[in-house]
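Q: My structure is below; once you've seen it, I'll send some questions.
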Amino acid sequence: MHIRGTMSRVPTLASFEVRYKKSFGHKFRDFIALCGHYCSPIKKYIFPNFIAVHYFYTIVLTLITSILLYPVKNIRYIDALFLAAGAVTQGGLNTVDVNNLTLYQQIILYIICCISTPIAVHSCLAFVRLYWFERYFDGIRDSSRLNFKMRRTKTILERELTARTMTKSKTGGTQRVSRPGKSDKRDDFQEKLFNGEMVNRDEQDSVHSSHNSRDSNSNANTNSSNNNSINHNGSSGSLDDYVREDKADEVEKYHGNKSYSSVGSSSNTATDENISQKLKPSSLRFDESQNKRKRTGAPSEKFAKRRGSRDITPEDMYRSIMMLQGEHEGTAEDEGPPLVIGSPTDGTRNMDNGSESKSAPTMNESKIRIQDKGAKISLDQDSVLHSSNSSACTSDEDSLPTNFGGTTPSLSAKPRESSSGPIAFTEGENADRKQGPSIQFNITKPPRKASKSKRVSTMDDLNPRSIFPHQKKSSKGYIMKHLPKARRIRQQIKRRLSTGSIDKNSSSDALDRGLISGLNDDDDGNEGDNMEEYFADNESGDEDDRMQQSEPQSGSELKLKQQQQHQLQQNLHRMYKTKSFDDNRSKPVLMERSKTIDMAEARDLNELARTPDFQKMVYKNWKAHHRNKPNFKRRGWNGKMFEHGPYTSDSDHNYQDNGNNSNSIVHYAESILHRDNSHRNGSEDVSSDSNETTYPLNGNNDHSQNDANGYPTYNDEEEGYYGLHFDSDYNLDPHHALSSNASKNYLSWQPTIGRNSNFLGLTRAQKDELGGVEYRAIKLLCTILVVYYVGWHIVSFVMLVPWINLKKHYSDIVRSDGVSPTWWGFWTAMSAFNDLGLTLTPDSMMSFDKAVYPLIVMIWFIIIGNTGFPILLRCIIWIMFKLSPDLSQMRESLGFLLDHPRRCFTLLFPKAATWWLLLTLVGLNFTDWILFIILDFGSTVVKSLSKGYRVLVGLFQSVSTRTAGFSVVDLSQLHPSIQVSYMLMMYVSVLPLAISIRRTNVYEEQSLGLYGEMGGKPEDTDTEEDGDCDDEDDDNEEEESHEGGSSQRGKSKKETKKKKKRKENENPNEESTKSFIGAHLRRQLSFDLWFLFLGLFIICICERDKIKDIQRPNFNVFTILFEIVSAYGTVGLSLGYPNTNQSFSRQLTTLSKLIIIAMLIRGKNRGLPYSLDRAIILPSDRLEHIDHIEDLKLKRQARTDTDDPMTEHLKRSISDAKHRWDELKHKRSLSRSSKRSTKTN
């Protein structure tokens, strides 16, 4: 074939360009990025963190609002600035009556208040982080969607497999049990290698079994047929005997000598031990002759005599090294089966039986010879080892294996035949090998899964002389275990997956059912076992092979068997030609799954789950079977809610599929994975690890529940949106967290989570995936926040506007103040929900002290608009999580928000912190309410109201005192102690929310300046000082006790203090919750107190004349302090001044008003998080640096505690209190007993 010397570069297809049109959002993001680029110096030095930005936003918005209010010229500018500051900060203090403002000014205050509330500000921060995610992570929207589809596909597959495995484990127990006394393979190999007993690592299990069974060889063959015939029925009582007899036959075939047969029925060999370890595909072996093996009476490679470990020649060491290299050497995918070169004397190996050698059967016929019972079998080692799973190999790509007979077929290629011809099977136990050294293909055996098929026992099964049923079952089992597993089939299957050309029509189903009907023509009472044998690669075929060997066969039986095999070959050929590998059988069988995760299978599942067509197929199939079906939930093995599988009893394996395609996807994926594993793993047996311990997945024996169509249902809980996933780097530990809560469904890997949702030790790929999940969670959260904020505004005025228009008495009061009732409803609803505290009526809410409905409605909106917002937000997300569709993208994002809220939003807390916040709010409001009822229930200010109204007024005032600032009674007329309590409540109003924000910070320890191993370092010095003082006190008390003669009392005190010290020193590395809460409180006090007293000091200087004026007794220092605390707490409550409707601030000078404005702005920033908070840091290199520091810090710690510290501290306190109470009771009992004894004496 001539090749041109030059090549043309002219393209065959004309290139064309499609210009990308940017959307409005993309252009807007580009504009923001351009502005940020030019303003980067300002952003870096003037706005280094969120707190600085918040200060700038508050001050600028206050100035803009004042500028918008002043042009009307009906108020002074200082009053406009004061009103603007009150609206921006929700302070609620007014120096003018709001009803005297124009509608324009009222609308400005309305809008400014709505865009400056804490909910609005933090929601804007969430939108900024969402934008920054899209700019920082390239293509995060598409990658997060693809990762979600991959996780969903893997979850569906693993749920199916796990449900079936759990069902089988409940009915049949564990699959593999590790027996005590088993030695490690590596240690056993090294010991026998240097003792001179064995060199080949692959033979260690068989030799180990043979050494343990030398004394029971005489009973092995006699017990074989009986045990096989009994265990063939699946009897649990004789299952171990059957497995041991199976191993005995394999070892006998392996060594070709009865003296090396395996243990009999009385052996204690473990049921899960594989006797014959298969040779590696890369190994090259020379077989020894049969006569030499009989003379030596030892395995193929063994030293002539036992010798010490020091008598090792270089040849022995070289051979051992080569063997170790072969042990770990992998096989490439394109490599074929390895060659096994037998010795020239193997041709005379089988001459003892006196039978003639038979020629290999052709492709259209099969000759089978069954050896007489008790006859000696001596075949090639690899042909025996891999006889049960040998696959046919032909040169034609479309050809199929057409010969399926005999118990131990060995695939051999004759030297004199052409390499292009087909390679025939050598049947019978006496193959002619006189031509010389034979070259054999070592067909690797796929992993063998233990099978526990349960069938109804019949007399035919129990009769060892019933030959024909076993022959039929053996042929079918042998056929199903020899389906084509070549590389070209895998490639065709993968090509079908990638192109989405999977045949799901009824024709393929009919063809598949036709095939299975052909397989089940001769029923022997175990329908569906063939499918299980094919997919699970169980050991039932070996059992049938032995049963075939136990009885002779006549010519008619052989002829009938050949006809059956020919018919099966045609069915298989049709199935292979149509590429119908779906498992849509009429009677699918529950496959037995291993409790361990194969790493190679996990990698295949990861690749398969990323295929788009396979994802669509799996999800469409799953969705079709979960539409409009009830969920039956039940407590499972780990205490969690999980859904049981579709199998309700042991005998219900052959359930009716009703034409559904529910399990076909799982069978399809399993069949691909099993075929891939058979070639990838070579001769490695996954279940052959003798030291592997399998734990039962379910301790109870409750029958599972299923839906109407027999399909398993699932439902996830809030605290565990769980699912089982494959991870190539994941090692299943028996004591791993998977036993109690599985890997999170929003991640494809098992995360290591530290304190406050801090993910540790992430790789770049894991960070990208976690960033995608966090991005989608923030995106959903932004939608929820907008609906929450706008929706509750709408609900609030919808509830108040109709009421004020229907109540003529109250509408007349509003009209008398010059305000429309409808506008009053809108304004009051906004003021209550945003905690502004300003009303359009000059006396606040005093005119509505008997209006029950608006007071109750306003109580609700005051709470959910400020301190109760995090509680209600988490409740809404939890309800949405419960109602969201299973395996949906929304459910995944909601689950992430519930598990890791502080990574996404500053005002969304974990479950424990939310409960603590709720208890704190209820406790504070209840305390104020009780104090009002106790101290002012009979005062003159509420004497005109009935008792019921007094209780309601007290409740409304206690709720408004902490946040809103509405007044339903004249506060100056209340009891002085109530005024003091209200002032304290105004100061601590924001503390529960602020402490919750800061103690749930992901970087809480770094924000407090703690970089060591102990979290309680701020109080370590105090502890040491206290300890020194205790030592001094102990010494002094001891001296006094000796001087005063009361040494016993001093010793008891000393012992109790030593016990306290011992308790403190028991857990030196334990994080101190009190130190964290104390550090937060100390920081807050250091932030607040000096500024409060500085403002009070300046105002007292400015108002000294008014304070000293005797004619103005209400102008005093306490009233000024009450006003300052109200402004600093952004509450808006005021004691007022006699004969005025405005706040007390109206009586202050201009400079004092500026101090109050500064208090409002400073107090607005009290509830903000620290500058080092993950929820306010944008994705950048700085964030990665902080994460790196956190990883290094947590790696030095002995453990990471993910429990809520406040809850743990409360539990420890309660346990300590109980312990002290028990000690006190014990001491009292001892003292009483001593007194009684003294009285009796």
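Any Cβ shown, glycine's included, is placed from N, Cα and C.
Swiss-Prot lists 49-70, 78-98, 107-127, 784-806, 819-840, 844-864, 868-888, 904-924, 929-949, 977-997, 1084-1104, 1117-1137 with the feature transmembrane segment, giving sequence analysis as the kind of evidence. As annotated by Swiss-Prot, N-linked glycosylation site applies to ASN100, ASN223, ASN227, ASN257, ASN364, ASN389, ASN442, ASN505, ASN660, ASN741, ASN925, ASN1141 (among others), with the evidence given as sequence analysis. If you look up Swiss-Prot, you'll see 162-241, 253-316, 329-570, 677-714, 1011-1073, 1222-1241 marked as region 'Disordered'. The compositional bias 'Polar residues' feature in Swiss-Prot is assigned to 164-177, 268-280, 380-411, 498-509 (among others). Among the features that Swiss-Prot reports, compositional bias 'Basic and acidic residues' is placed at 181-191, 199-214 (among others). Positions annotated as compositional bias 'Low complexity' by Swiss-Prot: 215-238, 561-570. The feature compositional bias 'Basic residues' is assigned by Swiss-Prot to 446-455, 482-497 (among others). Annotated compositional bias 'Acidic residues' per Swiss-Prot: 520-545, 1021-1041, in sequence order.
Quick one: where do these features end up spatially?
A: Listed as Cβ neighbours of the transmembrane segment (49-70) (distance under 8 Å, sequence separation of 6 or more from its ends, same chain) are residues 77, 80-81, 83-85, 87-89, 105, 108-109, 112, 115-116, 121, 125, 1157, 1161, 1164-1165, 1168-1169, 1171, 1173, 1176.
Under DSSP, ASN100 (N-linked glycosylation site) is assigned to a helix (H, G or I) in the three-state scheme.
Long-range neighbours of the transmembrane segment (107-127) within the same chain, counting only residues 6 or more positions beyond its ends whose Cβ lies under 8 Å from a Cβ of the stretch, are 50, 54, 57-58, 61, 65, 68-69, 83-84, 87-90, 98, 101, 778, 781-782, 785-786, 788-789, 793, 826-827, 830-831, 834-836, 838, 865-866, 869, 904-907, 1167, 1175-1176.
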Q: Is the transmembrane segment (904-924) packed against any residues at least 6 beyond its ends, judged by a Cβ distance under 8 Å, and which are they?
A: 118-119, 122, 125-126, 719, 757, 774, 777-778, 781, 863, 867-871, 873-874, 877, 896-898, 962, 985, 988, 992-993, 996-997, 999-1000, 1169, 1173, 1175-1176, 1203-1204, 1206-1207
Q: When you measure from the Cβ of ASN100 (N-linked glycosylation site), how many other Cβ atoms are you left with inside 10 Å?
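A: Summing over all protein chains shown, ASN100 (N-linked glycosylation site) has 13 other Cβ atoms within 10 Å.
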Q: Whole-number Å only: compute the distance from the Cα of ASN1141 (N-linked glycosylation site) to the Cα of ASN100 (N-linked glycosylation site).
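A: That comes out at 12 Å between the alpha carbons.
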Q: With an 8 Å cut-off on Cβ-Cβ distance and a minimum sequence separation of at least 6, pull the same-chain contacts of ASN925 (N-linked glycosylation site), or say none.
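A: The list for ASN925 (N-linked glycosylation site) reads LEU955, SER958, VAL959, ARG962, given in order along the sequence.
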Q: What three-state class does DSSP give ASN1141 (N-linked glycosylation site)?
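A: Assignment for ASN1141 (N-linked glycosylation site) reads coil.
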Q: Do the transmembrane segment (784-806) and the transmembrane segment (868-888) share at least 3 Cβ pairs closer than 8 Å, excluding pairs fewer than 6 residues apart in sequence?
A: yes
Q: Counting only residues 6 or more past its boundaries, what in the same chain has a CB within less than 8 Å of a CB in the transmembrane segment (868-888)?
A: 118-119, 152, 155-156, 619, 622, 626, 714-716, 718, 721, 784-785, 788, 894-895, 897-898, 901, 907-909, 911, 914, 917-918, 921, 993, 996
Q: Count the residues of the region 'Disordered' (1222-1241) that DSSP assigns to helix (H, G, I), to strand (E, B) and to coil, and report the three numbers in that order.
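A: Across the region 'Disordered' (1222-1241), DSSP assigns the residues as follows: 19 helix, 0 strand, 1 coil.
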Q: For the transmembrane segment (819-840), find every same-chain residue at least 6 residues outside the stretch whose CB is under 8 Å from a CB in it, and list them.
A: 86-87, 90-92, 94, 98-99, 103, 106, 109-110, 113-114, 117, 792-793, 796-797, 799-805, 810-811, 854, 857-858, 861-862, 864-866, 960, 963-966, 1130-1133
Q: So which residues does the transmembrane segment (1084-1104) touch in its own chain, when a touch means Cβ under 8 Å and the partner is 6 or more beyond its ends?
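A: Result: 987, 991, 994-995, 1115, 1117, 1120-1121, 1124-1125, 1128, 1148-1149, 1151-1152, 1155-1156, 1158-1159, 1162, 1166.
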